[in-house]
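**Q** So TrEMBL lists these for the protein:
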ACT_SITE  His115  active site, pros-phosphohistidine intermediate
BINDING   Lys9, Phe57, Arg85, Thr91, Arg102, Asn112  ATP binding site
DOMAIN    1-138  domain 'Nucleoside diphosphate kinase-like'
Amino acid sequence: MEKTLVILKPSAMQRGLIGEVTSRFERKGLILAGTKMIQLDDAILNEHYAHLKDKPFFQRVKNSMMASPVIVQCWEGIDAVSVVRALVGKTNGREAAAGTIRGDYSISFQENIVHASDSVEAAEVELSRFFEENEIFAYKKAVLSFLYSNDEV
Ligand code: ADP
(Lines of atoms letter the chains of each structure in order from A; the text may use other names.)
(Lines give C-alpha, C1' and ligand atoms only; values in the text may rest on other atoms or scores of the structure.)
Protein backbone atom coordinates (compact mmCIF):
# COMPACT_ATOMS: atom_id res chain seq x y z
CA MET A 1 0.00 0.00 0.00
CA GLU A 2 1.06 3.58 -0.63
CA LYS A 3 2.47 5.83 2.07
CA THR A 4 2.40 9.62 2.27
CA LEU A 5 3.74 12.38 4.52
CA VAL A 6 1.54 14.81 6.41
CA ILE A 7 2.86 17.67 8.55
CA LEU A 8 0.55 19.30 11.09
CA LYS A 9 1.89 22.83 10.75
CA PRO A 10 2.31 25.35 13.58
CA SER A 11 -1.12 26.75 12.62
CA ALA A 12 -2.66 23.39 13.57
CA MET A 13 -0.51 23.03 16.70
CA GLN A 14 -1.33 26.52 17.99
CA ARG A 15 -5.03 26.43 17.19
CA GLY A 16 -5.64 23.12 18.93
CA LEU A 17 -6.49 21.21 15.76
CA ILE A 18 -4.17 18.21 16.17
CA GLY A 19 -6.98 15.84 17.15
CA GLU A 20 -9.53 17.07 14.63
CA VAL A 21 -7.16 16.96 11.68
CA THR A 22 -5.76 13.56 12.64
CA SER A 23 -9.31 12.32 13.04
CA ARG A 24 -10.15 13.25 9.44
CA PHE A 25 -7.45 10.90 8.14
CA GLU A 26 -8.41 8.16 10.60
CA ARG A 27 -12.11 8.34 9.76
CA LYS A 28 -11.33 8.05 6.06
CA GLY A 29 -9.72 4.66 6.76
CA LEU A 30 -6.08 5.63 6.36
CA ILE A 31 -3.68 3.77 8.63
CA LEU A 32 -1.20 5.70 10.78
CA ALA A 33 2.21 4.13 10.14
CA GLY A 34 4.37 6.74 11.91
CA THR A 35 4.09 9.92 13.97
CA LYS A 36 6.31 12.20 16.05
CA MET A 37 6.72 15.83 17.14
CA ILE A 38 9.77 17.69 15.85
CA GLN A 39 11.12 21.23 15.61
CA LEU A 40 11.88 22.14 11.98
CA ASP A 41 14.96 24.21 11.16
CA ASP A 42 16.18 26.30 8.24
CA ALA A 43 18.28 23.50 6.71
CA ILE A 44 15.47 20.94 6.46
CA LEU A 45 13.02 23.60 5.20
CA ASN A 46 15.45 24.68 2.48
CA GLU A 47 15.25 21.09 1.22
CA HIS A 48 11.55 20.59 1.82
CA TYR A 49 10.50 23.86 0.18
CA ALA A 50 13.30 24.03 -2.45
CA HIS A 51 10.64 24.56 -5.15
CA LEU A 52 9.69 27.86 -3.45
CA LYS A 53 13.21 29.27 -3.02
CA ASP A 54 12.77 32.06 -5.60
CA LYS A 55 9.33 33.12 -4.32
CA PRO A 56 9.10 36.43 -2.43
CA PHE A 57 7.34 34.67 0.47
CA PHE A 58 9.96 31.90 0.89
CA GLN A 59 11.49 33.20 4.15
CA ARG A 60 8.07 34.04 5.55
CA VAL A 61 6.82 30.50 4.90
CA LYS A 62 9.97 29.06 6.51
CA ASN A 63 9.54 31.28 9.58
CA SER A 64 5.93 30.18 9.84
CA MET A 65 6.97 26.52 9.74
CA MET A 66 9.54 27.11 12.52
CA ALA A 67 7.16 29.07 14.77
CA SER A 68 6.49 26.02 16.97
CA PRO A 69 7.14 22.28 16.87
CA VAL A 70 5.13 20.35 14.26
CA ILE A 71 3.78 16.81 14.12
CA VAL A 72 4.87 14.67 11.19
CA GLN A 73 2.73 11.71 10.25
CA CYS A 74 3.02 8.83 7.80
CA TRP A 75 -0.39 7.67 6.54
CA GLU A 76 -0.87 4.45 4.60
CA GLY A 77 -3.59 3.23 2.25
CA ILE A 78 -4.39 2.43 -1.36
CA ASP A 79 -3.66 5.63 -3.35
CA ALA A 80 -2.85 7.34 -0.03
CA VAL A 81 -1.10 10.30 -1.73
CA SER A 82 -4.10 11.39 -3.80
CA VAL A 83 -6.62 10.44 -1.10
CA VAL A 84 -4.83 12.67 1.45
CA ARG A 85 -4.41 15.56 -1.00
CA ALA A 86 -8.16 15.44 -1.71
CA LEU A 87 -8.94 15.54 2.03
CA VAL A 88 -6.52 18.48 2.48
CA GLY A 89 -7.85 20.68 -0.35
CA LYS A 90 -6.41 23.61 -2.30
CA THR A 91 -3.33 25.44 -0.98
CA ASN A 92 -5.14 28.72 -0.30
CA GLY A 93 -7.51 28.14 2.59
CA ARG A 94 -9.85 30.86 1.29
CA GLU A 95 -10.30 28.94 -1.97
CA ALA A 96 -10.25 25.40 -0.59
CA ALA A 97 -13.61 23.67 -0.82
CA ALA A 98 -15.77 23.40 2.30
CA GLY A 99 -15.47 19.88 3.63
CA THR A 100 -11.71 19.75 3.06
CA ILE A 101 -9.33 20.33 5.97
CA ARG A 102 -8.05 23.64 4.62
CA GLY A 103 -11.54 24.63 3.48
CA ASP A 104 -12.94 24.05 6.95
CA TYR A 105 -10.09 25.28 9.18
CA SER A 106 -8.04 27.85 7.23
CA ILE A 107 -8.70 31.35 5.92
CA SER A 108 -5.11 31.92 4.75
CA PHE A 109 -2.77 31.06 1.86
CA GLN A 110 0.17 30.50 4.21
CA GLU A 111 -1.40 29.41 7.51
CA ASN A 112 -3.11 26.43 5.93
CA ILE A 113 -2.90 23.82 8.73
CA VAL A 114 -1.27 20.89 6.92
CA HIS A 115 1.36 19.84 4.45
CA ALA A 116 0.72 16.72 2.34
CA SER A 117 3.00 15.15 -0.28
CA ASP A 118 1.81 15.95 -3.81
CA SER A 119 3.05 12.85 -5.67
CA VAL A 120 4.18 9.29 -4.98
CA GLU A 121 7.77 10.27 -5.80
CA ALA A 122 7.64 13.29 -3.47
CA ALA A 123 6.13 11.15 -0.70
CA GLU A 124 9.08 8.73 -0.81
CA VAL A 125 11.63 11.56 -0.65
CA GLU A 126 9.73 13.44 2.06
CA LEU A 127 9.16 10.39 4.27
CA SER A 128 12.87 9.59 4.21
CA ARG A 129 13.60 13.26 4.99
CA PHE A 130 11.50 13.28 8.17
CA PHE A 131 11.53 9.65 9.39
CA GLU A 132 14.15 7.03 10.14
CA GLU A 133 13.30 3.59 8.73
CA ASN A 134 12.57 2.17 12.19
CA GLU A 135 10.04 4.95 12.88
CA ILE A 136 7.65 3.67 10.19
CA PHE A 137 5.63 0.71 11.44
CA ALA A 138 3.98 -2.16 9.54
CA TYR A 139 1.26 -3.71 11.69
CA LYS A 140 -1.93 -5.59 11.03
CA LYS A 141 -5.12 -3.57 11.34
CA ALA A 142 -7.95 -5.89 12.39
CA VAL A 143 -10.43 -3.69 10.53
CA LEU A 144 -8.75 -4.09 7.12
CA SER A 145 -11.41 -6.41 5.67
CA PHE A 146 -14.03 -3.75 6.47
CA LEU A 147 -12.00 -0.96 4.86
CA TYR A 148 -11.28 -2.70 1.55
CA SER A 149 -12.66 -5.56 -0.53
CA ASN A 150 -10.56 -8.73 -0.84
CA ASP A 151 -9.52 -7.91 -4.39
CA GLU A 152 -8.30 -4.45 -3.40
CA VAL A 153 -5.77 -5.57 -0.78
P1 ADP B 1 1.04 22.86 -1.02
O2 ADP B 1 1.37 22.99 0.44
O3 ADP B 1 -0.45 22.93 -1.26
O4 ADP B 1 1.68 21.63 -1.67
P5 ADP B 1 3.10 24.63 -2.21
O6 ADP B 1 4.06 23.49 -2.21
O7 ADP B 1 2.92 25.40 -3.49
O8 ADP B 1 1.62 24.16 -1.77
O9 ADP B 1 3.50 25.69 -1.08
C10 ADP B 1 3.99 25.27 0.15
C11 ADP B 1 3.42 26.15 1.24
O12 ADP B 1 3.89 27.49 1.07
C13 ADP B 1 1.90 26.26 1.22
O14 ADP B 1 1.26 25.20 1.88
C15 ADP B 1 1.68 27.60 1.92
O16 ADP B 1 1.79 27.46 3.34
C17 ADP B 1 2.86 28.41 1.42
N18 ADP B 1 2.51 29.19 0.21
C19 ADP B 1 2.45 28.76 -1.06
N20 ADP B 1 2.10 29.74 -1.90
C21 ADP B 1 1.91 30.85 -1.13
C22 ADP B 1 1.55 32.21 -1.38
N23 ADP B 1 1.29 32.64 -2.64
N24 ADP B 1 1.46 33.04 -0.33
C25 ADP B 1 1.74 32.66 0.93
N26 ADP B 1 2.10 31.38 1.23
C27 ADP B 1 2.18 30.49 0.23
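Keep in mind that glycine also has a Cβ here, set from the backbone N, Cα and C atoms.
TrEMBL does not curate its annotations; it predicts them automatically.
What you are looking at is a predicted structure, and each value in this text was computed from that prediction instead of being measured.
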**Q** Do you know which of the binding-site residues Lys9, Arg85, Arg102 end up with C-beta under 6 Å from ligand 1?
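**A** So the answer is none.
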**Q** Arg85 (ATP binding site) has how many other Cβ neighbours within 10 Å of its own Cβ?
**A** 17
**Q** Can you tell me whether DSSP puts Arg85 (ATP binding site) in helix, strand or coil?
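**A** SS state of Arg85 (ATP binding site) = helix.
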**Q** Determine, from DSSP, whether Thr91 (ATP binding site) sits in helix, strand or coil.
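**A** Coil, per DSSP.
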**Q** Compute the C-alpha separation of Phe57 (ATP binding site) from His115 (active site, pros-phosphohistidine intermediate), stating it in Å without decimals.
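**A** Counting only the Cα atoms, the answer is 16 Å.
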**Q** Can you give me the same-chain residues 6 or more apart in sequence from Arg102 (ATP binding site) with a CB-CB distance under 8 Å?
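**A** Once residues fewer than 6 apart are set aside, Arg102 (ATP binding site) is near Val88, Gly89, Lys90, Thr91, Asn92, Gly93, Ala96, Asn112, Ile113, Val114.
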**Q** Write down the Cα-Cα distance for His115 (active site, pros-phosphohistidine intermediate) and Lys9 (ATP binding site), rounded and given in Å.
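**A** Rounded to a whole number, the Cα-Cα distance is 7 Å.
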**Q** Using DSSP, what's the helix, strand and coil tally for the domain 'Nucleoside diphosphate kinase-like' (1-138)?
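**A** Per DSSP, the residues of the domain 'Nucleoside diphosphate kinase-like' (1-138) fall into 62 helix, 28 strand, 48 coil.
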